[in-house]
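First up is the structure itself, then whatever we jot down about it.
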Amino acid sequence: MESENKPNFDPRDHQHLRYNPLRDSWVLVSAHRMKRPWKGQVEKPSEDSVPRHDPNNPLCPASTRANGEVNPEYDSTFLFENDFPALQPDAPDPGSDHHPLFRTKAARGVCKVMCFHPWSDVTLPLMQPEEICKVIDKWAELIEELGPTYPWVQIFENKGAMMGCSNPHPHCQVWASSFLPNEPALAERCQRAYLQKHGEPMLLEYARMEAQAQERVVVENEHWLVVVPYWATWPFQTLLLPRRHILRLPDLTSQERNSLASIMKRLLTKYDNLFEVSFPYSMGWHGAPTGHYLKEDMNHWQLHAHYYPPLLRSATVRKFMVGYEMLAQEQRDLTPEQVSPPQSEKEDITSSS
């Protein structure tokens, strides 16, 4: 009789845990918390007007950077060595370890900055697909250039001041390291174990199941799928996945690159339209490790990109990873299904790519 009086589980009203197979961790989902009134910090609205060209902006064409170098009058993508790199190729070795509680290892690498476009007032969703294709081609070139030397090449973009972007100009960063960083190392272990146990790459199977379910799909086309992952932590987090098995960006065909440019533009336009603001986020690509891994069987890997936007309720209310998230485990305030657009708002898979 007692069980008959218990309410039926509803993920929108009842807290529950969801498993993240890419990190071998759990996320606490507490969607009912969105009903609480918000009296916390409210962010300042983003600046509406960004000058197309500012000679004092070090990323603009013909501007002088901190090291005294002058940028060329570029009209497409522009790549240069980071003037304040977190990794340097000739850093000295810290020496051998003497105690397990005080371990150090050598860390070497290179850091580059890549501008997407010469205009500061243009972001990726405002660029033309052919301009985005040039960005994708340059990303692939960088993997091919740096991959033979370094086991990990991290391409990432921090968009908006809320995500720590110091220059209002469309750009990303590329850090190539002599070590496999923590997040890729987790993804490496988890994807390898999944293939060994289930006989299929994790994210290839996951993309197929999400495409069939259509519960968390944000946008899709012939070659790509964007979903709010079942295990998402950030409110409007998305995962960009190819439909076929692909290890790294250079493996994409020209058709797949064009299709990727299209779906990136559509996804980022949806972000901007959500709260009618230039949507802040951090994003990055994860593909199979490079360096000595290029000689190994890496078929457990599947290329993918993560988008982590901080906004929660509006353009001025953000999600903070504090308290419980820092001391216990990740927690989110609404289900991934609640933030996925309804079927009527989704674009047809047959739309042009």
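Just so it is clear, glycine is given a Cβ too, placed from its N, Cα and C backbone atoms.
Remember, TrEMBL labels are computer predictions, not curated facts.
According to TrEMBL, the feature active site, tele-UMP-histidine intermediate maps to His171. Annotated UDP-alpha-D-glucose binding site per TrEMBL: 33-36, Ala66, 82-83, Asn158, 164-166, Gln173, 319-320, 324-325, Gln331, in sequence order. Annotated compositional bias 'Basic and acidic residues' per TrEMBL: 41-55, 344-353, in sequence order. Taken from TrEMBL, the feature domain 'Galactose-1-phosphate uridyl transferase N-terminal' covers 9-181. The domain 'Galactose-1-phosphate uridyl transferase C-terminal' annotation in TrEMBL covers 189-339. Residues annotated as region 'Disordered' in TrEMBL: 37-67, 331-353.
Feature map: TrEMBL annotations on the structure.
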residue	record	Cβ within 10 Å
Asp83	UDP-alpha-D-glucose binding site	13
Cys165	UDP-alpha-D-glucose binding site	15
His171	active site, tele-UMP-histidine intermediate	21
Lys319	UDP-alpha-D-glucose binding site	20
Glu325	UDP-alpha-D-glucose binding site	16
**OP:** Pop the Cα-Cα gap between His171 (active site, tele-UMP-histidine intermediate) and Glu325 (UDP-alpha-D-glucose binding site) into the table, whole Å please.
**Re:** 30
Subject >> Euclidean distance between Cα atoms of His171 (active site, tele-UMP-histidine intermediate) and Cys165 (UDP-alpha-D-glucose binding site), Å >> reply: 10
Subject >> For the domain 'Galactose-1-phosphate uridyl transferase N-terminal' (9-181), the mean pLDDT of the predicted model >> reply: 89
Original post:
Could you state the CA-to-CA distance between Lys319 (UDP-alpha-D-glucose binding site) and His171 (active site, tele-UMP-histidine intermediate) to the nearest Å?
Top reply: 24
